[in-house]
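Please read the structure below before turning to the comments.
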Amino acid sequence: MDQSKAKPIKALTQHLKDLTLTGPEETQIQAIQLDSRKVLPGSLFVALRGTQTDGHQYIDKASSLGASAILCEALPDVLRPEITYLQVPNTAEALGHLSAAFYGHPSKHLKLVGVTGTNGKTSVATFLFQLFRALGYRCGLLSTVQNQIEDQVIPATHTTPDAVALNGLLAQMLQKGCSHVFMEVSSHAVAQHRITGLEFSGGIFTNITHDHLDFHKTFDNYIQAKKGFFDALPKTAFALVNIDDRRGAVMVQNTKAHTSTYSLQTLADFKGKIISDTLTGMHMEINDQEVWFRVIGRFNAYNLLSVYGTALLLGEKPETVLTELSNLLSPPGRFEQHISPTNVVGIIDYAHTPDALENVLETIAQLRHGNEKVITVVGCGGNRDQEKRPKMAAIACKYSNQVILTDDNPRFEDPMTILDQMRKGVPPLDYKKTLVIPDRREAIQKAYSEAQPDDIILIAGKGHENYQDIAGTKHHFDDKEELLKAFGQPQ
Ligand SMILES: CC(=O)N[C@H]1[C@@H](OP(=O)(O)OP(=O)(O)OC[C@H]2O[C@@H](n3ccc(=O)[nH]c3=O)[C@H](O)[C@@H]2O)O[C@H](CO)[C@@H](O)[C@@H]1O[C@H](C)C(=O)N[C@@H](C)C(=O)N[C@H](CCC(=O)O)C(=O)O
Ligand SMILES: Nc1ncnc2c1ncn2[C@@H]1O[C@H](COP(=O)(O)OP(=O)(O)OP(=O)(O)O)[C@@H](O)[C@H]1O
Ligand SMILES: N[C@H](CCC[C@H](N)C(=O)O)C(=O)O
Ligand SMILES: [Mg+2]
């Protein structure tokens with residue numbers, strides 16, 4: 001990535017708190033690097049304490065590769081005279097500020113809106129990106145599915161990139177004339193200071209339910225991480241929260257931002273009501289105006305309300321916004337429907353948390369109008385929250401006539417162990433309707449072979465993903481491709 005021209009270290013660090021500088025003061029920085037293996041001469045190497053190892057162990061290696069400065073929490077035993085050492089209490093936090101400064105604080109010159117919550121971030125950020133482009137603005141998007149600068153797609157490796165990549169992307173967006181950027185803010189990103197140093201124009205809270213306890217350890221830590229995003233918003237920003245979520249009010253308890261609310265259940269600044277919801281569209285009332293949407297499902301009614309609220313908070317006119325919103329389509333892998341030649345309905349959805357799975361299955365239950373069977377194919381990812389596994393299997397059983405438990409991304413875990421943990425959530429009365437087919441391709445084929453015309457197959461957990469991560473290798477795998485193959489309609 002182009003990290004532009006060399007920058008004097010003094011200018012970059014002048015606002016860093018509790019900084020101790022040792023060594024040359026006139027150093028110029030060509031690039032910021034978090035990985036010692038990628039250090040090039042003139043780089044600033046940042047020693048981060050990670051989940052697997054401690055970046056401080058690689059200071060020597062980075063120095064040998066020509067780093068001209070080192071940002072660290074503890075100085076190495078031997079200091080090299082040609083290197084500038086920047087010692088701070090928290091390197092991750094300092095990195096946030098430093099990355100923003102290195103790229104000339106692009107966020108200050110953009111209308112940057114962050115979306116946080118367990119579910120709905122990609123949907124809301126993508127809807128906002130589509131809406132504001134339709135309203136005539138040049139826009140950027142940072143999301144799990146992909147990053148985008150207008151029509152240019154830049155593959156995403158994370159939901160929220162690291163601070164260096166993030167500020168680099170924002171700088172590119174600004175340079176290409178974007179005025180608005182919509183981004184997902186994951187809880188990992190808040191906890192690891194990936195967003196520190198950014199100036200947001202607004203923040204949105206969708207909801208918080210069970211996920212990522214492998215990383216945050218307790219639900220309370222998870223809530224605090226999300227709340228940290230709102231705590232740090234400036235008073236010029238807005239904070240828009242889903243007040244139907246039990247934690248909505250807590251999120252904005254200590255924010256300096258101007259708070260607004262949205263709701264389907266109670267009084268709020270942006271109040272919605274679902275009039276009807278079918279496979280072909282959703283009819284809603286939003287702040288007393290009736291609108292038809294192409295996207296469906298109660299969870300999307302929340303997403304649309306937050307998008308509508310954001311647009312108004314950014315100064316757009318209600319009527320124009322509603323007109324454009326009614327044309328929007330869901331992002332790939334979010335309630336994506338395909339119909340087979342025999343009229344079996346296949347739905348691919350990224351539901352990978354208990355709450356998302358329940359929402360999607362409830363939506364399907366509401367959309368059924370006869371005796372259609374619901375067949376759910378679902379798995380859980382390896383090296384992620386284990387507590388959600390039995391819960392997701394139990395939810396699949398509660399709402400489906402048949403369930404096929406299968407692999408998601410096993411990563412470094414034994415797939416059978418994950419499936420055994422899921423199986424623990426199957427109530428004994430549902431054993432008969434539950435199959436375990438580890439091979440996801442076979443599971444999808446089996447689901448289709450069991451389906452009759454009008455039946456609904458839900459394939460949950462991987463959505464847009466086009467790979468299966470097995471022991472560190474990403475093998476090509478795409479639920480949509482497999483579904484269409486099973487339908488006898490290969491792409
Ligand atoms: C748990 C987590 O967030 N991990 C991220 C973290 O890695 P880590 O803390 O494990 O790093 P580590 O391996 O312990 O290494 C520590 C430091 O030493 C450095 N190092 C290491 C080895 C070496 O030889 N030299 C060296 O300098 C590393 O570059 C790193 O800076 O920092 C890395 C660099 O920024 C990230 O790539 C990595 O994301 C991993 C791949 C990941 O899977 N993250 C997921 C959990 C994640 O971030 N997900 C969220 C939310 C998803 C959602 O719900 O939407 C996301 O925003 O994507
Ligand atoms: N507002 C919502 N509330 C609950 N569930 C939702 C909501 N919006 C979408 N979902 C469900 O959650 C799934 C994931 O949605 P989306 O990708 O928008 O969430 P996300 O927060 O970006 O997820 P991730 O944490 O993986 O980035 C969807 O496929 C759908 O099943
Ligand atoms: N952003 C989420 C996505 C999970 C998707 C699911 N397919 C899995 O692999 O667990 C994560 O990294 O935890
Ligand atoms: Mg996402």
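Cβ from N, Cα, C; glycine included.
Those TrEMBL annotations? Automatic predictions, nothing curated.
The meso-2,6-diaminopimelate site recorded in TrEMBL comprises Asp408, Asn409, Pro410, Arg411, Gly461, Glu465 together with one of Arg384, Arg423, Arg441, namely Arg384. Among the binding-site residues Gly117, Gly120, Pro410, Gly461, the residue whose Cβ has the fewest other Cβ atoms within 10 Å is Pro410.
Here the Cβ of Lys121 (ATP binding site) has 25 other Cβ atoms within 10 Å, regardless of which shown protein chain they belong to. Under DSSP, Lys121 (ATP binding site) is assigned to a helix (H, G or I) in the three-state scheme.
DSSP gives Pro410 (meso-2,6-diaminopimelate binding site) a coil state; it is part of no helix or strand.
With respect to Gly117 (ATP binding site), the closest of these binding-site residues in Cα terms is Glu465, chosen from Asn409, Pro410, Arg411, Glu465.
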